[in-house]
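Asker: Residues annotated as substrate binding site in Swiss-Prot, with sequence analysis given as evidence: Asp90, Ser91, Gly92, Gly93, Phe94, Asp144, Gln193, Gly220. Look at Swiss-Prot and you will find Asp90 tagged as active site, proton acceptor, backed by sequence analysis. As annotated by Swiss-Prot, region 'RNA binding' applies to 251-257, 275-279. The active site, nucleophile annotation in Swiss-Prot covers Asp270, and the record cites sequence analysis as its basis. What Swiss-Prot lists as Zn(2+) binding site is Cys308, Cys310, Cys313, His339, and the listing cites sequence analysis.
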Amino acid sequence: MEFKLKHKDGMARVCEITTAHSTFLTPVFMPVGTVGAVKSLDANDMKNELDAKIILANTYHMYLRPTSKVVKDFGGLHGFTKFDRSFLTDSGGFQAFSLSKNSKHFNEGIEFKSHIDGSRHLFTPKSVLDAQYDFNSDIMMILDDLVALPATKERVKISVDRTILWAKEAITYHKNMQNKGIGIGQNIFGIIQGGTDYEERKRCALSLNEMPFDGLAIGGLSVGEENALMYETVQNLNPYLDENRPRYLMGVGTPEDLVENVERGVDMFDCVMPTRNARNGTFFTSFGKFNIKKAEFINDHEVIDPTCSCYTCRNFSRGYLNHLFKAKELTFFRLASLHNLHYYLELARKMREAILNNSFTQFKRNFYHLRGK
């Protein structure tokens, strides 16, 4: 992976990342294709309608079904999905933690029960990389020990100890596998844990900074803490993060979260919010968000957002979308998802432009002004 820090405006950064499958600028938002597809969309939508340069797939889900071996047989995620740009795969640890009842965390890994058939599995630092080698993802995430917030200081310390231990195991294993010709062209990111505890976050960041990861992620946020505490945690981490590696805030978040954390030096984001909210009838716009199911939109000839150039806003009215939603027409999911993802990707583009023009502060002021804040 090639990484270039191109420009800074305060702590906000524009970087260029090149993988084996695409080159993209940051700040970047990565649409989430949990099971190998962004819900209701296909590779053509992602490339030609949205021009997404990188998307995320989930190791937990793809490992359980169709299995990593099946994906490998199709030539990895790129051959399986026909999306020929970059893929980032998470380790599956979050889903093992959140979807599996009675998951157990040990120093060896995470034992969990499949939400599909109840079978038991063990994720270890090595096994999650083995699955991601099969996927041939461009960026692989290591296994980390996530805790729900609030958590006791003792549990947070255990989480950081395990995450550092697993990071060492993962980076050593990855280098050994590359020496054997496996994982060539695949990159590996470490994940910083520590809850909202300043000292534990710092300890984890400093430890992972010493390891030869291609990038560093901030995990374990947006899991119950107040937004202000998340922003403070990210800002406090900034001095301890290597400036010459990508910074990825996992699972975040709202448009406001993206703006606030870009201001604090974050480069990469992913979240299911644009597509999940789309399926529930909620649209993100330059002036805030609203739900299309309200009666006021039944005879509304206006498009979702007059300033938007997405496929949906170029072609369809609020009245039509209101009808599709109430009729439970599957077409609605695609049209709504196209709009919301276009909004997020365009937000990232506008932030890049503002940073390059040294006008991010003004951009942020206008962003909130349009929302009446």
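Numbering starts at 1 and runs along the chain as it is shown here.
The backbone N, Cα and C atoms fix where each Cβ goes, glycine too.
Note that this is a predicted model, so its numbers are computed, not measured.
Could you place these features in context, so I can see how deep they sit and what lies close by?
Answerer: Classification of Phe94 (substrate binding site) by DSSP places it within a helix.
Remark: Asp90 (substrate binding site) has Leu56, Asn58, Thr59, Tyr60, Met141, Met250 as non-local neighbours, by Cβ distance under 8 Å and separation of at least 6 in sequence.
Here the region 'RNA binding' (251-257) has Cβ contacts under 8 Å with residues 94, 219, 221-223, 227, 230, 269-271, 273, 284, 343-344, 347, 367 of the same chain, all six or more residues outside its ends.
In sequence order, Phe29, Met30, Pro31, Val32, Leu56, Leu88, Met250, Gly251, Val252 make up the list of same-chain residues 6 or more apart from Asp270 (active site, nucleophile) whose Cβ falls under 8 Å from its Cβ.
Cβ atoms under 8 Å from those of the region 'RNA binding' (275-279) belong to residues 31-32, 38-40, 289, 333, 336-337, 339-341 of the same chain, restricted to positions at least 6 beyond its ends.
Cys313 (Zn(2+) binding site) carries a helical DSSP state (H, G or I). Cβ contacts within 10 Å of Cys313 (Zn(2+) binding site), excluding its own Cβ and spanning all protein chains shown: 23.
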Asker: Compared by Cα position, which of the binding-site residues Cys308, Cys310, Cys313, His339 is the closest one to Gly92 (substrate binding site)?
Answerer: His339
Asker: Near the substrate site, what residues other than Asp90, Ser91, Gly92, Gly93, Phe94, Asp144, Gln193, Gly220 in the same chain have a C-beta no further than 8 Å from the centroid of the listed C-beta atoms?
Answerer: Phe97, Met141, Leu143, Asp145, Leu146, Ile191, Gly219, Met250
Asker: Return the member of Cys308, Cys310, Cys313, His339 nearest to Gln193 (substrate binding site) in space, with distance defined Cα to Cα and candidates limited to these binding-site residues.
Answerer: His339
Asker: In terms of DSSP three-state secondary structure, what is the assignment for His339 (Zn(2+) binding site)?
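Answerer: In the DSSP reduction, His339 (Zn(2+) binding site) maps to helix.
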Asker: Between Ser91 (substrate binding site) and His339 (Zn(2+) binding site), find the distance joining the two CA atoms and give it rounded to the nearest Å.
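Answerer: Here the two Cα atoms are 29 Å apart.
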